[in-house]
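Some notes on the structure that comes next.
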Amino acid sequence: MSGPRSASPPGCAATRGGPEHRAAWGEAEARANGHPHAAGGATRGCSKKPGGAVTPQLQQQQQQQQHEQQHEQQQHEQQQHVQQQQRLAKRWRGDDDPPLGGDDPLAGGFGFSFRSRSAWQERGGDDCGRGSRRRRRGAAGGGSSRAPPAGGGGGPAAAGGAEVRPRSVELGLDERRGRGRAEPEPEAEAGAPGGDRGARDGDGPAGPGACCRALLQIFRSKKFPSDKLERLYQRYFFRLNQSSLTMLMAVLVLVCLVMLAFHAARPPLRLPHLAVLAAAVGVILVMAVLCNRAAFHQDHMGLACYALIAVVLAVQVVGLLLPQPRSASEGIWWTVFFIYTIYTLLPVRMRAAVLSGVLLSALHLAIALRANAQDRFLLKQLVSNVLIFSCTNIVGVCTHYPAEVSQRQAFQETRECIQARLHSQRENQQQERLLLSVLPRHVAMEMKADINAKQEDMMFHKIYIQKHDNVSILFADIEGFTSLASQCTAQELVMTLNELFARFDKLAAENHCLRIKILGDCYYCVSGLPEARADHAHCCVEMGMDMIEAISLVREVTGVNVNMRVGIHSGRVHCGVLGLRKWQFDVWSNDVTLANHMEAGGKAGRIHITKATLSYLNGDYEVEPGCGGERNAYLKEHSIETFLILRCTQKRKEEKAMIAKMNRQRTNSIGHNPPHWGAERPFYNHLGGNQVSKEMKRMGFEDPKDKNAQESANPEDEVDEFLGRAIDARSIDRLRSEHVRKFLLTFREPDLEKKYSKQVDDRFGAYVACASLVFLFICFVQITIVPHSVFMLSFYLTCFLLLTLVVFVSVIYSCVKLFPGPLQSLSRKIVRSKTNSTLVGVFTITLVFLSAFVNMFMCNSEDLLGCLADEHNISTSRVNACHVAASAANLSLGDEQGFCGTPWPSCNFPEYFTYSVLLSLLACSVFLQISCIGKLVLMLAIELIYVLVVEVPRVTLFDNADLLVTANAIDFNNNNGTSQCPEHATKVALKVVTPIIISVFVLALYLHAQQVESTARLDFLWKLQATEEKEEMEELQAYNRRLLHNILPKDVAAHFLARERRNDELYYQSCECVAVMFASIANFSEFYVELEANNEGVECLRVLNEIIADFDEIISEDRFRQLEKIKTIGSTYMAASGLNDSTYDKVGKTHIKALADFAMKLMDQMKYINEHSFNNFQMKIGLNIGPVVAGVIGARKPQYDIWGNTVNVASRMDSTGVPDRIQVTTDMYQVLAANTYQLECRGVVKVKGKGEMMTYFLNGGPPLS
């Protein structure tokens, strides 16, 4: 094929001299939108209910609803259309223009794009050397008209051109196609990872059974099914568990020391028992040292935990067997302490914690039963003890399960964030490779920066153009390609082109050339881009020689007489992209035009060069006169001296041999042969052998060995490996010191604290329920062991009703469907607000605490010592336990009758008030959403109030109990018949023991609360970092995807990015009925000139960019959603419709009518541009319909193309057309005429390659009804 092709500047001979080559111009984007088209318009009606007849009234209502919905849809589409017009008008309309309204003749029908009159007048022809108003326009517009410096990869500032409108419009991004994401719920809290996982309106359980299962589900935690994942989880929390274990050992040492002190304070001393307690302290201290050594491993954690449980059991047994006044209530406090700390601070699984808690409880009950079997009140004490131990175990479970679930959930969410990040990273790398295979890195990076940058609403679009001097441009055309294509099927044609251009791409990489575009059977590339090279002319000549050699192989294999015609010229180029959609990297300049004509005026199998190129070759090649002017009018007109390469000189042969030898040595040193190049090699899997050239590295290509190894890895293993490295690398101490305050445990950064405070704990209802359960246990304990009173029953009933109401309102959040809206709203306000939930939690804990000791005020508070002293007429200091036994009142622990003549009942077991207060402290620890400082303040308040009550108004209650317990333990049978009081054990007074044990509990619970909150905050911080990294990667991925979808059709990009596709899978499809349009500005070549005043033609390209941008905005309108922009070549705009199932309307042919409407809209738009820019651009448009073949060719730089007779004829309709007219074929005429479009017959037109054809002019759309 011969004739020039327009790949160079707008207005080169391509728009006129080579229309036959436009058949292969293509890069169509298949619409993947959410607007499926139905023939005849979309109708939405009400569906008929099954089983019922449709009455006429119902039919009428349905029809009315359909009409109303259609009317609303039309209004919505009209509103979108007006908004699109307003966006377009921002640049074209001036203050003196009439407003866009119903009376404006230019506002109806097609919705024009208006530009400011002053902007066009001041630019007009000046920017192309026709006046002196350009500088005024630049000053008024606030931007420079200069092109960005060569090699610049900056953002908007680097380009200097004026930015335009929001970035979604600036970069040609179709917003209506990106609305798949759901809008966030208005009441949902934002900004915190983890978010609100609670129930929402409209979701949640549907019945009471499901609601109960949902409540039970929050306390379930299972081992991960994968052993590897479970080990990662253990590693994830190993340091925290190690810290928790050390903390537990410290508090156990404290408890053992307290037990030793209590035993040492009361004679007689038993050294064996003291030795066991001291040995336990020593063992725990040794274990604490070992657990904090660097050699302590994750596998040692379980062994240390079970060893500690064994030590606790030994201490439990020894503590209960110590000589003391026997009592079934002795040892309850440390048993409760041991049980709870095993659940909360010991990092063991639930089964081990439950077994340990049950065993400790059983040991206490068994030893108490054996030692106090003769007590007639033992049953009440044992029942109370069972209730206390049961409550402790339940609270332990309620604390252990949510904590473990939270930890496992935090681990799982962190892993999911990392998994999503790595997945996004892999996809992003694929997108980067695909993107950078189409656009050079500096252009792609600048576009992505502009997407992310906030842009001002300015007059003109940014133009991505850079100027490069001293480059060589090569054009190569396959002579005889038409006969080759005629012998191939659609698949064979795609495979042949793919194989051929894959070889050319490989040769271009080896010869340091950058392939620009493939135009049908024409291939052109540039050397000296993106990085300048001194040997750019040599590279192009060598590339041409290799291409001629490669085509000879095709000739031998196929038997078809095909050959290459190569033309080369050296000079200056402008490179970049134009328009808003379907970008393709291209070059423009008069030198590119000349190179194009050098190929057209060349000879088959020869390299045709200009004198400029010859001057760069330094005599390394033998040449002969080319006489190009004899074969090409352009060369003759411009008196271009040309030459044909004969052969390279001996010097050049030696240099080439040396380079080849070095390449072989480098290949051998790598250790394997380069892979065979074939068409089936996907473009991003092939990097031209074993190495990547410097130019390709600059364009984003990686080493194939590293990439293949990366892609072959299992994604799950990759996630686990990455997480393992991150776990090993993170430092808990460093994170705490950098981000968290030491005592308050608040984040140092206010934003972090704000995000953390917005987290919603959807287990709040379970916390309230657990605290209410503690209240019930306290009630049962008090009812069992404390004398009954009306006040007791009324107070407990009141508290029960209040707590039931609180539990009811809190649990509604997890069962939203069962209750009315106001209750749901109240529950959400409580649960979703940290302040409200904290206040409700404090209220609940207060009720539980009051229920623990308020009955104390109903007990007899008389001083038993004083009564006995008066009875025996002795001083109170001489009263002992034997006086109790000798009292005439027959006092005993089991007697609830008031003594000393008072009517108030006797509460002989006041220590159970203390144990109830301990249970209320445990209820305080259940509320995980309350901060550790808040818990500390609350627990100190509880301790202070209770200790004041014990030590001041009700101290005699505890003194009396001490005396009665001692008396009850005296064995008078061993007195040998004497009247003396036998020797008996003494005990530390309860009024001394009570503050100590409560302080120990407060300390342990505070340490646990600090550990829980510290763990939660560190998990939040780590997960936040993982989430932010994931979001950054997703944001980068979104930028790449938006750019990528603006270059390749979405289905084509998805095809190449799919991991599961085969390497030998080509992309091609046959389309049954496609409408194709070519629209060219016929006289743009007259407008384009390269002068110093217009920045060597850049300002002319800026004008073309604005025109193409207007066309791109028009094709983005919703009514043209069936259309696809294929590409722009110079000043020619190519579009098609019906390329996929979502845009092809087989019955209604609406995709054909849409393309005809679009063509008329372009004509009207061009007229208006001429009116306001004082230019006289003339547009010719050609339309045709028929079958096409769509596919992707090019291994290194994929290019979506459409081929077929339909495309060829559409191109001929443009090239043979008349300025300012739309020419259509007979097939197109039949479809449009059947839809009442206004057409007129032009007559018979001679078309190259087709002979004579009857054609028609499209004058207008259907008449308005």
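Every residue gets a Cβ built from N, Cα and C, even glycine.
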According to Swiss-Prot, one residue in ASN873, ASN1140 is annotated as N-linked glycosylation site; name it. ASN873
Report which of ASN241, ASN890 appears in Swiss-Prot with the annotation N-linked glycosylation site. ASN890
Hey, Swiss-Prot has Mg(2+) 2 bound by ASP477, ILE478. Any idea which of ASP450, ASP469, ASP505, ASP521 it lists too? ASP521
Of 377-397, 1154-1174, the range Swiss-Prot tags as transmembrane segment is 377-397
Which one of ASN836, ASN976 gets the tag N-linked glycosylation site in Swiss-Prot? ASN976
Whole-number Å only: compute the distance from the Cα of ILE478 (Mg(2+) 2 binding site) to the Cα of SER757 (phosphoserine). 69
Looking only at the recorded positions ASP477, ASP521, THR1015, SER757 (phosphoserine) has its closest CA neighbour at THR1015
By a three-class reduction of DSSP, ILE478 (Mg(2+) 2 binding site) is assigned strand
Among ASP477, ASP521, which are binding-site residues, the residue with the most C-beta atoms within 10 angstroms of its C-beta: ASP477
Checking the modified residues SER757, THR1015 for other Cβ atoms within 10 Å of each Cβ, the smallest tally belongs to SER757
Neighbour tally for ILE478 (Mg(2+) 2 binding site), based on other Cβ positions within 10 Å of its Cβ: 23
For the domain 'Guanylate cyclase 1' (472-599), the DSSP residue counts stand at 60 helix, 39 strand, 29 coil
